[in-house]
Amino acid sequence: MNLPHAPSPAVAAPARRSPFRQSLLVRLSIMFALGGLLVAAILVIGNRVLDDAKQRLENTVIRQVQPLAATHRLQTRSNELRTLELELPTVRDVFALPQYAERMQVEIEAMTAELAPFLVALASTRPDDARRLEKHWANYRGDLQEVIQLAGKMDLAAAEAITSTRTRTAHAAISSILRELVSATEQAATEAYRQAREEQQRQQRFFLMLSLGGFLFLAAGLVVFARSLSRRLRTVRDAATRLAAGEEREPIAISGDDEISDLGQAFNAMQEIVVSREHSLRAAQEELEDRVAQRTQALATANARLWMLSQAVEQNPIGVLIASADRRVEYANAAYVRVTGRPADTQLASSLPEAADPERSREVDAEFRAALLACEDWDGERRSCRPDGSEYWEHLRLVAMRTEQGRPEHLLLMREDITERRTQEEKVAYQAYYDSLTALPNRTLALDRLQQATGRAAREGTMCAVMFIDLDNFKQINDTIGHVAGDELLCQASVRLRSVIRAEDTVARLGGDEFLIILGVAQASDADAVATKIIQAFTPPFQIEGREFTASPSIGVSLFPDDGNAPSVLLRNADLAMYEAKDAGRNTFRFFNQKIHDDSVARMEIERELRGALDRGELQVHFQPLVAARDGRLVGAEALLRWTHPVLGRVPPDRFIPIAEQSGLIVSIGSWVLDQACGHAACWREACGGDFVIAVNVSPRQFATPGLVDTIRACVERHAIPRNQLEIEVTEGLLIRNPGEVREAMLALEAIGVTVALDDFGTGYSSLSYLRAFPFHTIKIDRSFIRDLSDDAEDCALVVAAIRMARALGLRVVAEGVETEVQSRFLAHQESDVLQGYLFGPPIPPEDFVADWVHNPSRRAFSS
Amino acid sequence: MPSRRFLVPLLAAALCAAGALVAPDARAGEQAYKAVAAARKLIASGQVPAGSRLTLGFKQGNVNAFLGTDLALQKEWENLTGIVLDVHIVPQQPIRETLRGTPDIDIAVARNHEYPDLLADGLITDIGPFMAEYGYRFDDNDSDGYIRPELQSKVGERTVAIPADGDVVLLYLRRDLMENAQEQAAFRKTYGRALAAPKTWAEYEDLVRFFHRPAQGLYGAAEERDEEGAWMFWMPRFLSSAAPHAELFDEQMRPRLDMPGAIAATENYIALVKYSPPGITDAGRNYNFTLPLFAQGKAFATMNTIAAARMFNTEGSAVRGKFAAVPLPGGRVDNRTVRHNTLIYGNNLVIPKSARNARLAFLYAMWLTDPDVSTRSIGVAGGFADPYRWNHLRDARIRKIYTPEALETFSGEWAVTQPAGTGLRGDAQYLAALDRNLTAAARGEIGAQEAMNRTSSEWEQITDKLGRAEQIRQWAEFRRQFGNRK
């Protein structure tokens, strides 16, 4: 094992030094002292030479420039005076004259003060010019004083006479002398400058020669000294090279008695130590390299992250601008330029670029400015304008990036073009509040407008009117010519409605063919007039796809505050009044009144009572016999609903069934009736010989409810109703609404053995196409035709035709409302199949029907 | 070395202390100090950014008066507050047109009679709330208060302008001629009374007639008869035609121009034309035509504001030391003389409704019209604005510029000065009709009676068009401002 710090003998015992030895320090000091003295001498001499030349040149320039500058100042003042005196006569307001006079006086005094020393200096070199200049200035000053006097006198014409003649001459003479002086001074200056430059160049050459000699002497001394050092230093260098290369490591011998010989000995000692430390250094180096590699890897990772973040900013579609705390812009990405339409400024301005709508942007701009000046976070939106004139919505976000101490260091301004988003929002808002077909306000906006209108009317003590409009025969037109044409009709109707009201009033479409109008009115008669105009506006037919259609409006009107305060109440009352208009024959209008209100209340009362009627057992199913026309034999019964209320008494079916239909109660009640009818029919069938047809009315509302066919099927199965012994009676209204679905339901009923009868035949459209398109089994001729059979020949003909037609189509015919023997015989003669009416019996409770018909065979065979 | 943030308050404090030491009145400087302090508070609170700009819409002649010689006052305001004053030179036209066409002006100059139209058109700001907020009021104390501020600042109960000028009418006569013994003798021989300043409009006409010597290059009168502003020289004659004063309308806004006094006033107005230089009724022959004639010694009499005294007292004026500014004549009613004056041109400060810095503009106006600051503003040789505070009349510089005698007459005339114009919404329309018919009469196209009849008819139409009920209300409000101050 080596001992790295064990000194060799040479190192341990250094050679004894001579007390007089010439060390390198001494020798170098002597050389540098000599060299320094030489350089200092050269610099002192050179500096003196250059200063002398520079001073001479400056003096030359100053001697010439000062007169030139003074001449120029005089020329400027002279011209200023000339301008003032020329402007003075053109003054339009005499009260402004003192301003000019005062300024002229100030300029004259300044010119005099400036000219005095100039003339003294000029007199020493060009006495003639000095005398001429003094004389002309005296003349000019005199003229100007006269002009000032005339200004005080407000005699502008006289002043102009002087300025256009005398002062022009005087000023021209002064200008001419000054120009001559300038020219002469410039010539003298050029010559003096040339001489000074030549002297300066000569002295520069002398200085260069002196410097060159000094440096050559110094260089020679250095070469001699360097050669003596070089040889011994090479020995040490070669040994060091070998040591570094790991080659021969023998001690070296250096001659002399100076620091270099000391260096040789020290090198030998160092060589020993170096060898011993190499090992430890190598180990340390390896460890260090490991650390460097780790740091390098970390740095590369950080750089990659930094690059990634910078790319994220650079590629960001949001315009990003970074400025220092003093608002100097340091960075702006490409999107910033794209969003704003112009390059970023070098300074983040306290005001935003031009706004598309300055009035609406004022508040946002002020907030932005305040935030920017306070270095606070802020964000907002505004509509801006690019330099090319295009407008856009932008979202601005200002973020102050702070140091750990909270001091704002940078400002980050993000500008995002949100035009598309705002457009989308506006579109969504529009769709939320406007009907897409007619572009009229929809129900939501209409209710809002109504709220505003009532609020305004309440504040101003005025009234407003609400008109609920329904197109009378829109559905028929829509079904006849299709939805596209129906939509066109609605559009044209909206245009007509819009045309009859004022711009500040509202027309809205509530849905379907229902419109709402909100008017501000002074009195009820104003609404009356508008409603009349609406009726008139709908008088001309609508032109749709080359065809003409007539659609009349039914209008219900309610008034604020007479008919209610809340918008919902006004709307409901207008709706009620509209139904009143419908009931009054359509194509008319009705104001909401007490009767409508009472009827509505009564309807609501009935509806409320009807809701519990089933549970309270107030409903009953009555049965009216159906007899064969041929022999009067009982063939079945029609189930009819009856309601006996403990207070209201017996409520007529035509009063409560429409309410049940409207409220939807008919679904549950209808199911109950069906079940009751089928149950009784099942009980009575045996007693009636196995054939007993039970007819049950089914309303359109029941048909619209999913699962009707399943309900009927379950009922048929529950009560084991044979095929063709349950007949469902429907009206034509059902067929109009959803013909496709109804047809499918009828076919499904036919499949389970349930027949379908068309009730009240003859009262509606009685379209033959219905009979062909739907799988009916029976038609029931309405009682209104049967009632007048004996008196009205036309009714006879219609009934006969209906029976013939049904026969031809293979349908069974039931005649309703038979009350006389004559009618009965006629119908039997015409081969009607079944008869129904008071002649045979009224609708009666099931227990009475059992007693009167089921257990009374003679009655069953009443007519036979 | 103190930093800037300490230097400015120190400087302001030093200025205020110096002002307090040299000012003749304890209140002088207080108004300016409050305005500067309030402006700085606005800046410190961030309500107004430092270095904000106030845009001043001044006419060319206003610049020296409002910004000082070599812009000294402008620099002083900017040094004190850091608020930059940006002067826009606006054209010589009714301020209503300027404000409509130039929306970004913060402070502008308006004439007294223009206020009602400016307010009705929504062009100027009601500064009452600012006055209340900052504790200002237009004090009229006789030490350094505003002179009759109620005539120069209000429309009804609303304060709309800051007084910055004092344009009552004075009559200028050639004193040298009146003191000439030969002239005095000749006059006494002709009219049987001493040659003296006229007490009535009839005496004035006698004087003018007496001195009308066109062959000698001397005209009796150089009183403006230009259509634009004709009402200004008719109104004093009209007001003094009845006691206590004539009124343009009755309580139902029916014109009272058919009264004998109104006809007489118009006849006197017309009568002076024949003693005037040729072309006096030509369009554009305003004071730029009449004042030089008087200044050159070519006219015996003229009428104008106190500003004319400054012009006549200028070095070079032929009448310097030879003219006298005397009170306006009056009318003889029930054996006593009724005298009235009125405010004519005027350069008062209003804040446009569209001003971006209305609050700052108000503070600047209050600083500018402070007793001390305004004295320096008025004491400028080439300014347009004339004295409007009592302390202005005692200032040595101002007395030298205007002459003490003229200022004495000026001071006295305020007591009989009535508000300017009609005081009505539509003032410009009413006065334009009056101007047009007065000029037609002055040109001899129609007589005095016809001029008044036509004016009455046109005024009725204007009243009906603007709404009689509202005009009646405004007229009743305006009438309450009439009356003399002793």
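Note that Cβ sites are derived from N, Cα and C of the backbone, with glycine treated the same way.
If you check TrEMBL, you get these features:
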- A:24-46: transmembrane segment (TRANSMEM)
- A:206-226: transmembrane segment (TRANSMEM)
- A:227-279: domain 'HAMP' (DOMAIN)
- A:378-430: domain 'PAC' (DOMAIN)
- A:462-594: domain 'GGDEF' (DOMAIN)
- A:603-857: domain 'EAL' (DOMAIN)
Beyond the flanks of the transmembrane segment (A:24-46) by 6 or more, those residues with Cβ under 8 Å of it: 207, 210-211, 214, 217-218, 221-222, 225, 229, 258-260
Long-range neighbours of the transmembrane segment (A:206-226), counting only residues six or more past its ends (CB under 8 A): 27-28, 31, 34-35, 38-39, 41-42, 45-46, 49-50
Secondary structure content, the domain 'PAC' (A:378-430) (per DSSP, counts of residues): 12 helix, 30 strand, 11 coil
Structural state census, the domain 'GGDEF' (A:462-594) (DSSP three-state): 57 helix, 40 strand, 36 coil
DSSP helix/strand/coil residue counts for the domain 'HAMP' (A:227-279): 40 helix, 0 strand, 13 coil
